[in-house]
């Protein structure tokens, strides 16, 4: 018996990084996973794994999300992962950067939750997990102005949904990682003028001396998706190797 046997789980940004690791971990524990991403070619790599079904989805497009929600008969867990990390202070953040980050990191979760929550309410049960970050209202981080702002908003959204719908059988939590070794992180390091120095800077702030792995974060997500965490709601759950201490 898997820890997620019989559960239907929808997640976004499943083609790589934490989303991919979570999709695989959910399926391994017996869930029926509907993995979505905008990147069709990378997403298709998940089709070979038992228990995982894929669907191309742009989480910034309301029409696509509403159609997707209409196609899903039942849903136990919604895991909102999609997001973007902008590098810079407020002076480096143009209005286009601000709008893009808000749209992908916050509005997409609003759209997904609003589309799928009525289905959960009709079932009188549901579990929503949002991807936030330690770089948020939890910790001020250099050069993460708009990113931290969006992730603080995710914590606020999470607490609001949890408070509003707890009596309807709905739980809502968010995962707050520190620095995780993902393709996104490696791309950001390589984009810096001195990648070697950037890597060193990232590692220096890790009290454990290493990054988290996507698989470690995925194991926390399995716990939050399972009935083992049934008494947990409205919480930003930190997994950061002590970075926020």
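Backbone N, Cα and C define each Cβ position, glycine as well.
Database features, via Swiss-Prot:
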ACT_SITE  147  active site, proton acceptor
BINDING   16, 17, 18, 37, 58, 151, 180, 181, 182, 183, 184  NAD(+) binding site
BINDING   144, 188, 205  substrate binding site
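Of all the binding-site residues in the record (16, 58, 182), the one with the smallest CA separation from residue 188 (substrate binding site) is 182. Every protein chain shown contributes to the tally, and the Cβ of residue 144 (substrate binding site) ends up with 20 other Cβ atoms within 10 Å. One residue stands out among the binding-site residues 18, 180 for having the most other Cβ atoms within 10 Å of its Cβ: 18. Comparing Cα positions, residue 58 (NAD(+) binding site) lies closest to 147 out of the recorded positions 144, 147, 205. Other residues of the chain with a Cβ within 8 Å of the Cβ centroid of 144, 188, 205, the substrate site, are 85, 87, 135, 141, 142, 143, 179, 202. Looking at the residues that bind NAD(+) per the record, 16, 17, 18, 37, 58, 151, 180, 181, 182, 183, 184, the two CA atoms farthest apart are separated by 24 Å. In this view, residue 205 (substrate binding site) is surrounded by 12 other Cβ atoms within 10 Å of its Cβ, with every protein chain counted. A C-beta separation below 8 Å, combined with a sequence spacing of at least six in one chain, links residue 16 (NAD(+) binding site) to 39, 42, 182, 183, 184. In the three-state DSSP assignment, the secondary structure recorded for residue 16 (NAD(+) binding site) is coil. Spatially close to residue 147 (active site, proton acceptor) yet at least six residues away along the chain are 84, 85, 86, 101, 105, 133, 135, judged by Cβ distances under 8 angstroms.
The distance from the Cα of residue 144 (substrate binding site) to the Cα of residue 180 (NAD(+) binding site) comes to 15 Å. Summarising the substrate site geometry, the residues cited as binding it (144, 188, 205) extend over a maximum Cα to Cα distance of 16 Å.
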